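Report on the structure given below.
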């Protein structure tokens, strides 16, 4: 099971930047550009994370064909685009229930990967206050299959807006 490290995707840019600025390191501006270039390598790249989350959710969908999961989870099936961060946080909280209730190793690894990728991508939006959104406990309880289908739809919404 691999957990992607999206913050290490553009390391070659810093090498090119080093060669480009090699003759300009003695100037203050050259040093600032070099430092900013090095810092930018460590910044998270979120474009592909939602695609990876969707891939893992589809993998979970295929896994549950062979595993009997008889649980109901709070599911936001008709989320409003202005409440997508709140809805995503609810989906992630509910997904943790699967980790506690089921012991299938492949399923749990994939769920952990979804949680890691989604939380790292959402980290900048975690504290966004969205008014008029339902609390997780106010949502309707649905089967795990319906939960996954709604989860994939909201992830697709994040993909389309990024």
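Glycine is no exception: its Cβ is also placed from the backbone N, Cα and C atoms.
If you check Swiss-Prot, you get these features:
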- 1-29: signal peptide (SIGNAL)
- 83-133: disulfide bond (DISULFID)
- 90-136: disulfide bond (DISULFID)
- 104: N-linked glycosylation site (CARBOHYD)
- 108: N-linked glycosylation site (CARBOHYD)
- 119: N-linked glycosylation site (CARBOHYD)
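Every protein chain shown contributes to the tally, and the Cβ of residue 83 (disulfide bond) ends up with 17 other Cβ atoms within 10 Å. Distance between Cα atoms for residue 83 (disulfide bond) and residue 104 (N-linked glycosylation site): 32 Å, as a whole number. When the Cα atoms are compared, residue 133 (disulfide bond) and residue 108 (N-linked glycosylation site) turn out to be 29 Å apart. Cα distances from residue 90 (disulfide bond) to the glycosylation sites 104, 108, 119 are smallest for 119. Annotation note: residue 104 (N-linked glycosylation site) sits in a coil segment as assigned by DSSP. On its own chain, residue 104 (N-linked glycosylation site) has 63, 67 as residues at least 6 apart in sequence with a Cβ closer than 8 Å to its own Cβ. The candidate set comprises the disulfide-bonded residues 90, 133, 136. Of these, 90 has the most other Cβ atoms within 10 Å. Taking CA atoms as the reference points, residue 108 (N-linked glycosylation site) and residue 119 (N-linked glycosylation site) are 16 Å apart. Recorded residues residue 136 (disulfide bond) and residue 119 (N-linked glycosylation site) have their alpha carbons 17 Å apart, per Cα-Cα distance. In this structure, residue 119 (N-linked glycosylation site) is part of a helix by DSSP. Cβ-based neighbour count (10 Å, all protein chains) for residue 119 (N-linked glycosylation site) stands at 14.
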